[in-house]
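Enquirer: Feature annotation from TrEMBL assigns active site, proton donor to B:Lys205. Residues annotated as NADP(+) binding site in TrEMBL: B:Leu9, B:Gly10, B:Leu11, B:Gly12, B:Thr13, B:Val14, B:Gly15, B:Gly16. Annotation source TrEMBL lists NADPH binding site at B:Lys105. Per TrEMBL, the feature L-homoserine binding site maps to B:Glu190. If you look up TrEMBL, you'll see B:355-437 marked as domain 'ACT'.
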Protein chains: 2
Amino acid sequence: MNPVKVGLLGLGTVGGGTLNVLTRNADEIARRAGRGIQITHAAAKAYDPSKLSGLDKVEISDDAFAVVDNPEIEIIIELIGGYSPARELVLKAIENGKHVVTANKALIAMHGNEIFAAAQKHGVMVAFEAAVAGGIPIIKAVREGLAANRIEWIAGIINGTGNFILTEMRDKGREFSDVLKEAQALGYAEADPTFDVEGIDAAHKLTILGSIAFGIPLQFEKTYTEGITKIEPQDVEYANDFGYRIKHLGVTRMTDKGIEMRVHPTMIPHRRLIANVDGVMNAVLVNGDAVGPTLYYGAGAGSEPTASAVTADVVDVVRALTTDSENRVPHLAFQPGELVDLPILPIEEVESAYYLRMQVEDKPGVVARIATILADSQISIEAIHQKEPAEGDSTVPLVMITQTVVEKRLNDALAAIEQLESVSGQIMRIRIERLDG
Amino acid sequence: MNPVKVGLLGLGTVGGGTLNVLTRNADEIARRAGRGIQITHAAAKAYDPSKLSGLDKVEISDDAFAVVDNPEIEIIIELIGGYSPARELVLKAIENGKHVVTANKALIAMHGNEIFAAAQKHGVMVAFEAAVAGGIPIIKAVREGLAANRIEWIAGIINGTGNFILTEMRDKGREFSDVLKEAQALGYAEADPTFDVEGIDAAHKLTILGSIAFGIPLQFEKTYTEGITKIEPQDVEYANDFGYRIKHLGVTRMTDKGIEMRVHPTMIPHRRLIANVDGVMNAVLVNGDAVGPTLYYGAGAGSEPTASAVTADVVDVVRALTTDSENRVPHLAFQPGELVDLPILPIEEVESAYYLRMQVEDKPGVVARIATILADSQISIEAIHQKEPAEGDSTVPLVMITQTVVEKRLNDALAAIEQLESVSGQIMRIRIERLDG
């Protein structure tokens, strides 16, 4: 089957990331979607070819309306941002019978009701996972994954810039204005940071979350919005004294009187998982009556994280176009004919760092002998501690952390160490995962 | 349109929860799914009617095969567990052209390849969100939400019993066997805890995660499995000294040599979010090449959390049967005609606890006057601290935390306090959310 032809509006941070992800992971994505996905046309006023891959297959113009009107194209990805001409482009694409994927939170929050009605009328899909919390599939989680629940409330850290600023203020006792300048230098905050620090960006996202949680029309103008500009370092410190952290939260809650929709600085008990979401990361906590609290964490902005959500939406659309409706999502994520028989490694071939604990005689030379055996097996020690003996015990626990080693080599070395007279019993071992990428 | 008729196999913890959720949230679920969902038949050897709602509409028998053969039923929910007769029932349901939803991790990990091939052949769906991490929509996240990514690795706390035991060992320095007994008494662990503490349950789940991450057939027998029974309190303590926490992780990773699939106790740096997932809660950390790390947290077991995932799968099936394929999932989660115009509360009507900071003169009677104004407005103070004055300053910061109050009442009281001569400038206020249910 021919690849699905996609038109991309915008080749900036997210547009470029989307082209790059669709190019780099083309095979894997096609195995999942059941059909290739090709960006054939793109519209951009300016772009940097050195940051883009797969450009040879893309016809680029500066006329976004020409892309939207191109009859070959089945799906339009709108990544221009802002209200206009994004609204006109999206409505035109819908009118032309094209499916639309967008990351534009302002557009959906302000004009979503109109856009969805048009999509309904023309029988096309409009997908907007990337509009809320970047790469975190939170729209899918609420709209599908939690469909059994009466949602009680949602609370989210849904603006990375604001969270970066608050994290720096707490970690280093810095002033708001000082951190804001750094965030701008790092590219986390725009030259005009109003949308981020005054909560407008978060309010756009919260408006969308509130609608999908409670089944109400989008009403951005009723969302209460308060920024973080007035937070002083002493508030951060005093909050800490009370056992709280300050986060810029979007909160929407169903009450007997009506629905709360509000974005403002919020103190949260420091032991809550979401209170420990730091830096530019986002997290959304959803409380459902059946499932209880669930939390979704990840990068809320950035080129490829946002592209991840955009591309997932494109895959959703293609799956609906491609597979029979009763098998839209393949059981094992990849289409049945696309499973591969990669080897699964025996545990002896897995590499890991290790914690080791052994009971050794408390006398000179023992540690040296053990260290020599490890060194001979080229196993590096990162840390080693000899603990206090238990009362009346002539042996002591010796604990250490190794650097990464293949398991088989460790097994052989530990077998040799267990043979030593000065080592009693079996050596306890626990694998270490740093989970840092 | 008539409700979709569903047959339920099993009325135990999860089966009962599913019936209760589908009964309690029937309206909300129908507004999302586009059609009512009715359990019309159930099979159970024994059940406790006092714990079940909606039984009046359910015909109950002890013959599960009769339910599977009933021509009126479109969807079968299998919640019996175990390999047999679950396998035979599911295969028969598929052969009869019925869609299947199951929470049975053992069945999918062991017989999934056979079951999915049969489903493919008969054009029906088999959904199994509840088989991994209970109420957390992790299958959906990996299979759909992260479809753009080359998944690099997944690491998950996917057995709540094991995590409860390790959390208690750390928090209270207790012995494994001692905590296990408590977990059994609390109903977290089975009388035969082997599946939980030896990692077999986690290995079933990891097998499924590995397949959907990497597009490989299910291969439970190749998953390395090691339990937590050998962990000593001193290991927990020494891990802590090194800056780590011990968690029972399922890890699957793509390497150049092949795929790692392993369940074992693992030390993780204590600052990682997943290291702070405690008690019976589950969390899965997924690293994709585009999105980076994302984490999914929630209840991994229990009656209604698991029922939440089962029911979401049923909604997925019904949405595919009901809506035109191009609009399977409604834009705003609820079907377009089912949006409601609930009021959105003005911020003055929202209730919240508050942190307040004001600058006051450091002399007798000031705090009393402020407290009186708050008391007259029926605003209770939970904590109050007077801080040290800055050098050469005759005023001091007074900070307090109030109990919950409606915002309008607080506004009025603060306006009165700001009028006091002994209070200078504006009062800083930050709302407090405890996020505890």
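Cβ from N, Cα, C; glycine included.
Remember, it's a predicted structure, so these values are computed and weren't measured experimentally.
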Enquirer: Out of B:Gly12, B:Thr13, B:Lys205, give those recorded positions positioned within 10 angstroms of the residue listed as 'NADPH binding site', comparing C-alpha atoms, in sequence order.
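Expert: So far as Cα distances go, the recorded positions lying within 10 Å of the residue listed as 'NADPH binding site' are B:Lys205.
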Enquirer: Would you pick out, from the binding-site residues B:Thr13, B:Gly15, the residue whose Cβ has the largest number of other Cβ atoms within 10 Å?
Expert: B:Gly15
Enquirer: For the recorded NADP(+) site formed by B:Leu9, B:Gly10, B:Leu11, B:Gly12, B:Thr13, B:Val14, B:Gly15, B:Gly16, which further same-chain residues have Cβ atoms within 8 Å of the site's Cβ center?
Expert: B:Leu8, B:Gly17, B:Thr18, B:Leu19, B:Ala44, B:Tyr47, B:Leu79, B:Ile80
Enquirer: Could you give the mean pLDDT over the domain 'ACT' (B:355-437), rounded to a whole number?
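Expert: The predicted confidence over the domain 'ACT' (B:355-437), as a mean pLDDT, is 93.
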Enquirer: Under a criterion of Cβ-Cβ distance under 8 Å and sequence separation of at least 6, what residues of the same chain contact B:Leu11 (NADP(+) binding site)?
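Expert: Once residues fewer than 6 apart are set aside, B:Leu11 (NADP(+) binding site) is near B:Leu19, B:Ala42, B:Ala44, B:Tyr47, B:Leu52, B:Ile60.
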Enquirer: Any idea what the Cα distance is from B:Gly16 (NADP(+) binding site) over to B:Lys205 (active site, proton donor), rounded to a whole Å?
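Expert: About 22 Å separate the Cα atoms of these two residues.
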Enquirer: Does DSSP give B:Lys105 (NADPH binding site) helix, strand or coil?
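Expert: Assignment for B:Lys105 (NADPH binding site) reads helix.
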Enquirer: Let's see if you can do this one: DSSP helix, strand and coil counts over the domain 'ACT' (B:355-437), in that order.
Expert: 24 helix, 33 strand, 26 coil
Enquirer: Could you list the residues of the same chain, at least six apart in sequence, whose Cβ is under 8 A from the Cβ of B:Leu9 (NADP(+) binding site)?
Expert: B:Gly15, B:Ala42, B:Ala43, B:Ala64, B:Val67, B:Val68, B:Ile76, B:Ile77, B:Glu78, B:Leu79, B:Ile80, B:Ala86, B:Leu89
Enquirer: Just jot down the residues in the same chain as B:Gly10 (NADP(+) binding site), at least 6 apart in sequence, with C-beta under 8 A of its C-beta; none if empty.
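Expert: Once residues fewer than 6 apart are set aside, B:Gly10 (NADP(+) binding site) is near B:Ala43, B:Ala44, B:Glu78, B:Leu79, B:Ile80, B:Gly81.
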Enquirer: Just how many other Cβ atoms lie inside 10 Å of the Cβ on B:Val14 (NADP(+) binding site)?
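Expert: There are 26 such Cβ atoms around B:Val14 (NADP(+) binding site).
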Enquirer: According to DSSP, does B:Gly16 (NADP(+) binding site) sit in a helix, a strand, or coil?
Expert: helix
